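**Student:** Following this message is one structure expressed as structure tokens.
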Amino acid sequence: MEVYIVGICIAVCGNFLISISLNIQKYTHMRQSQRGTKPYYTSRLWWCGILLMGLGELGNFAAYGFAPASLIAPLGCVSVIASAVISVVFLKETLRASDILGGALALIGTYCLVTFAPHSSPHVTANMVERSLVSWQFLIYFLFEAILFAVLMYFYKCRNVKHIVIMMILVALLASVTVISVKAVSGMITETIRGSHLQLTYPIFYIMFIIMVTSCAFQIKFLNQAMKLFDATEIVPINYVFFTASAIVAGILFYEEFYGLSIIHIIMFVVGCLLAFTGVFLIARARPRIKMDRVFISMGQIPGKSCTDKVQPQSDDSKYGKLASKLTCNSEIQQDEP
């Protein structure tokens, strides 16, 4: 089996586990709200969801060691599709025509991405990472990112401009650094496990690990702030598009993943991205109201008690903000809870 197929399989499985985790935690919050008893974190079911989230994120991390970042990052749409299906089947959410169309477009786009994306990338070693860090194309890209980040932070902090696009670009700029560092750390660990050369003795490994943790933490911070101001149905598609675009650019400039790829493959890859983006927008758009009592009756929970709610809650309900935060770096689940 080709190495990149291993990465695809791991990423798909990881995103599927994440979608299950998100719905388990959503159901736990709905049940606790309906019962009005103990806090959500006392529920064993909620902790099962957290465990699945950790396994899914570990799978995504490992996938970067086997396949190009520009191939792994767009596969985040698998989680959106799976989450929509699980919500319909188990949480009794209404199935809409836009969900079917969005799912079909996302699946077609995913097929194009897997087919036409670069299937190979250079082995990630400490020496390779060091050379890429001082390459002229990365230095120009990083300088542009730093200036743009400083300008946006000025408007965000000093001018108090809380526009969703500004906040999502800040998250995407940090996500680009996260993807570079995640692939570097994962790639060097993979090379070490393969036994080709011990990479963990190089200082650059620990430098990239610190960068990965730091960028991820700030990414979580800005994403959580966005979830407090905007609805999840806005955050999900915009964050997916910006995160995927930033990961692709990082893969091109830092890891030269598109080097030698034919024009037709590049065009079809872009078409696949556009189809996946459109599909995610259609799936994540405002959800219809559902009857919560249907959920609990179907799962054997407190029958006869009726209540209405939204599958995608209002923007001021921070408990459910994590449903969107999964597409960049899903460890923010625990930090986003009140």
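For all residues, glycine too, the Cβ spot is worked out from N, Cα and C.
Annotations in TrEMBL come from automatic prediction, not curation.
Given the structure is predicted, the values throughout are model-derived calculations rather than measurements.
According to TrEMBL, the record shows the following:
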- 5-24: transmembrane segment (TRANSMEM)
- 45-66: transmembrane segment (TRANSMEM)
- 72-91: transmembrane segment (TRANSMEM)
- 100-118: transmembrane segment (TRANSMEM)
- 138-156: transmembrane segment (TRANSMEM)
- 163-184: transmembrane segment (TRANSMEM)
- 204-223: transmembrane segment (TRANSMEM)
- 235-255: transmembrane segment (TRANSMEM)
- 261-284: transmembrane segment (TRANSMEM)
**Student:** If we skip the immediate neighbours and take only residues 6+ beyond the ends of the transmembrane segment (45-66), which ones have a Cβ under 8 Å from one of its Cβ atoms?
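**Tutor:** Same-chain contacts beyond the flanks: 3-4, 6-8, 10-11, 13-18, 20-22, 24-25, 27-28, 72, 124, 179, 182-183, 186-187, 189-190, 329-331, 333-334.
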**Student:** Sequence-remote contacts (6 or more beyond its ends) of the transmembrane segment (100-118), Cβ cut-off under 8 Å?
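**Tutor:** Same-chain residues near the transmembrane segment (100-118) but 6 or more away: 8, 68, 70-71, 74-75, 77-78, 80-81, 84-85, 251, 257-258, 261, 264-266, 268-269, 271-283.
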**Student:** Are there 3 or more C-beta pairs under 8 Å linking the transmembrane segment (138-156) with the transmembrane segment (235-255), counting only pairs at least 6 apart in sequence?
**Tutor:** yes
**Student:** Are the transmembrane segment (138-156) and the transmembrane segment (72-91) close, by which I mean at least 3 Cβ pairs under 8 Å that are 6+ residues apart in sequence?
**Tutor:** no
